[in-house]
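Data block below; observations after.
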Amino acid sequence: MIGIIGAMEEEVTILKNKLTQLSEISVAHVKFYTGILKDREVVITQSGIGKVNAAISTTLLINKFKPDIIINTGSAGALDESLNVGDVLISDDVKYHDADATAFGYEYGQIPQMPVAFQSSKPLIEKVSQVVQQQQLTAKVGLIVSGDSFIGSVEQRQKIKKAFPNAMAVEMEATAIAQTCYQFNVPFVVVRAVSDLANGEAEISFEAFLEKAAVSSSQTVEALVSQL
């Protein structure tokens, strides 16, 4: 069983509509869609936006469906200036950009008693990288950071880049999903696409290009599933 998590309806609808033998159940107000995609058993959920929603949905998915792996799909704001709208983002590490326990000796972004970063499954990273090469998509592997704020100003962007110079993108759920997977020992990877450049025009860009990002990330996830 492959678990696929997206925060927004636009981020999961494309994949959901491709399921055969579709079945829907609801647990704690979270909807799960099970079916067959590319001859693989999958379960797709729309988690809702933000870290708490993401952690709840991931926990429910793992407990109910016992997935072998989890893929987080959707959109993200680019922090790397070489990225453009529609480019595919593949996580190697994910971190929180809004966690601060440095007073107790932890690194900025680190949750106490948790790793500094949550590492994606290396075999999954390799599989996704092969897929994007086959599809001739522009993609980047790197650090994705998460927090409970939409990054829509130059000031917000600069603050994150100062704290995490190597971060390529920012969004609102991936690290919570990753932490949950870490605690349940479930391999994961984040496969998102750029919807905006996390700057003063981010809100306009996000609304205009969310669909493009959703198509790009969904196509990549579908191709990945076919290879698993």
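For all residues, glycine too, the Cβ spot is worked out from N, Cα and C.
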For the substrate site that Swiss-Prot lists with Ile151, Met172, Glu173, give the additional residue from the candidates Gly35, Gly48, Gly77, Gly86. Gly77
Under 8 Å by Cβ from Glu11 (active site, proton acceptor), counting only residues of that chain that are 6 or more apart: Gln46, Thr73, Gly74, Ser75, Ala214, Ser217, Ser218
So if I measure Cβ to Cβ from Glu173 (substrate binding site) and keep only same-chain residues at least 6 apart in sequence, which ones fall under 8 Å? Ile5, Ala7, Ser47, Ile49, Gly50, Lys51, Asn53, Ala54, Asn72, Gly74, Ser146
Roughly how many angstrom lie between the C-alpha atoms of Asp196 (active site, proton donor) and Gly77 (substrate binding site)? 5
Counting every protein chain shown, other Cβ atoms within 10 Å of the Cβ of Asp196 (active site, proton donor) number 25
